[in-house]
Amino acid sequence: MDSSESPTETKKTKSKTPRKPKETVLKQKSPAEFFAENKNIAGFDNPGKSLYTTVRELVENSLDSAESISELPVVEITIEEINKSKFNSMIGLIDCERVDEELYDDYETEKAREKRLAKEARAQEIQAKNAALGKKVKETPASKGIKGRGEASFYRVICKDNGKGMPHDDIPNMFGRVLSGTKYGLKQTRGKFGLGAKMALIWSKMSTGLPIEISSSMRNQSYMSFCRLDIDIHKNIPHVHVHEKRENKERWHGAEIQVVIEGNWTTYRSKILHYMRQMAVITPYAQFLFKFVSDAPDKNVTIRFSRRTDVMPPVPLETKHHPSSVDLLLIKRLITETLKQNLLQFLQHEFVNISKSYAERLIGEMGPDFSPKMALKSLTPQQLVRIHQLFRQAKFDDPNGHCLSPAGEYNLRLGIIKELHPDMVATYSGSAQVFEGHPFIVEAGVSIGGKNVKQGLNIFRFANRIPLLFEQGADVVTRTALKRINWSSYKINQLQDKIGIFVSIVSTKIPFKGTGKEYIGDDITEIASAVKYSIQQCCSQLKSKIVKKMQAREQQERKRNLNKYIPDATGAVYNVLKDMAETQLHASKKFRYGVDDVELLRKVSENLITKETLSEKLAKHVEQVDYEMALEYATQSGVSEEPRETIYIQPLETDNKIIDLHSPFFVFRMFR
């Protein structure tokens, strides 16, 4: 009995009791921690993209800083390659020899090595046979060793500018605290997230552990601030290593930032250089010096993008919200932050395009519970919803574009000419338009031919004066250029001509799509229509130039063909006239010539008319016929007037009084 029961008792003792679920603990992440875990949102997807984004953020910060004090930007960007031994010495790590080779990811067995070498030998043998037979031989790629996952490449990125500089006490928080900055008002800004160099510091913390170094000085400041810091990602606060004032003998103003990060120059070299080239197009008033420094001299790169003009766009102005662009949450925040006490003052002073009389009409429409003098603090949640509903339904004047700062048609044209050297270029700057209560301006340029331009459509996109290099296919500019423009109607060959399309959009709110904010969607009708119209205006200008060029080319061809036969025709006519002059002396009365003919033949016989005389007369006749044919061609082609060239004359001083003298072909501006 006891023995039979023992097995069941044993099973019972071995059975596991169910685990109690752990109590969930509420956790909170700092902004720095969030962006560190989701770094792809800010453009730090991989080492190569991280190097590109770091360069971009530093360059754009430098431009903003210089433009804020109306200083012509001078930006120097240097990428220095750091080898493994140098990096280890920087962090105080001693190089060690490998002990267990098989432990490493790049380990290759003897058998695998023999197999690889045999494969390479066969490829070389095949190439030698093809070369002997005269066939085209592809270059054999150089044999590469297996690169392990742990073999990272490190770079020191240095950016120096002549901008505003930073206040000494603000530097730690400006670099070591995420989502703190000076660009969070409602205005046109270059940045996409407001992270700037902070994300580069986070990436440096994640990939190398090394701090960032900042040197800065403001105008007329006798000292220079130096700060070495990193960031406490979990607390979102700066960890300052050194923060001191140093002597500034040269009275330099601006900022110099150094950061060491993991990157990949090889894969993103072209992207970084394209970015610098496009930045030089959209900011021809800036001077850029780009350097890549390596231990291998053949890899070094130095490119200078010279300044072409001293004309800078105006500084973007901060503006107030348009009533049709606000949501309920924003209304609540504005009420919390405003210094106004009553509803009438709030509507009149916190929004654009609401006058006092219109504010009173709006309050009257809200209902009997509202009055102009009612205190903002007394507004209930239901009343806030009513205000929001009326904002969405009421009619408001569109905001103007005075707060925006486009590159300008003059600067865009100069930038295209400076960097591409095209055969022809046309530019257009549209007036301010509105989408969802936000003003925007579209500028466009179209060029034909040029240096380093491929056949077909070459699209250059800019948003708030910064280049967009990724996710081009879904962008409104790309889709418009490919699908909505009939290039052949403008005498442009979409496949064979070298066409450059430049479109710059500026706004207080760029409607980016995707997490990386690298393209503008095609679903906003107002922007899509403005982009199409701007490109068409450029194409219309080019059509006149192209037709004139075609007309001149055909005119030269006709003239060449006619002039080719002038000597033969002159000789034949002169011989006939000579024979007629001889026979006229012995001709009978029946066959006498007319008075005019007799006079002509007399001049021929007396050598007053020679072959040379006839040749000159015939050449003049060719010129006259050619001119008449050119006019007829122009009429048939629909060209009613000569193409006009726009001539830009910039004033030396903005407050000069001017007099414009207008003519059918140009405007001459005189300064008094």
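Placed from the backbone N, Cα and C atoms, the Cβ positions cover glycine too.
Bear in mind that TrEMBL entries carry predicted annotations, made automatically and left uncurated.
So that you can see what the record holds, here are the features copied from TrEMBL:
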{"type": "REGION", "residues": "1-28", "note": "region 'Disordered'"}
{"type": "BINDING", "residues": "Asn61, Asp161, Thr182, Lys183, Gly191, Lys192, Phe193, Gly194, Leu195, Gly196, Ala197, Lys198, Lys517", "note": "ATP binding site"}
{"type": "DOMAIN", "residues": "399-558", "note": "domain 'DNA topoisomerase VI subunit B transducer'"}
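Asn61 (ATP binding site) counts 21 other C-beta atoms within 10 Å of its own C-beta, drawing on all protein chains shown. Its Cβ taken as reference, Lys517 (ATP binding site) is surrounded by 20 other Cβ atoms within 10 Å in the chains shown. Long-range C-beta contacts of Leu195 (ATP binding site), restricted to its own chain and to partners at least six residues apart, with a cutoff below 8 Å, comprise Phe35, Ala42, Glu57, Val178, Leu179.
Cβ neighbours within 10 Å of Ala197 (ATP binding site), excluding its own Cβ and spanning all shown chains: 21.
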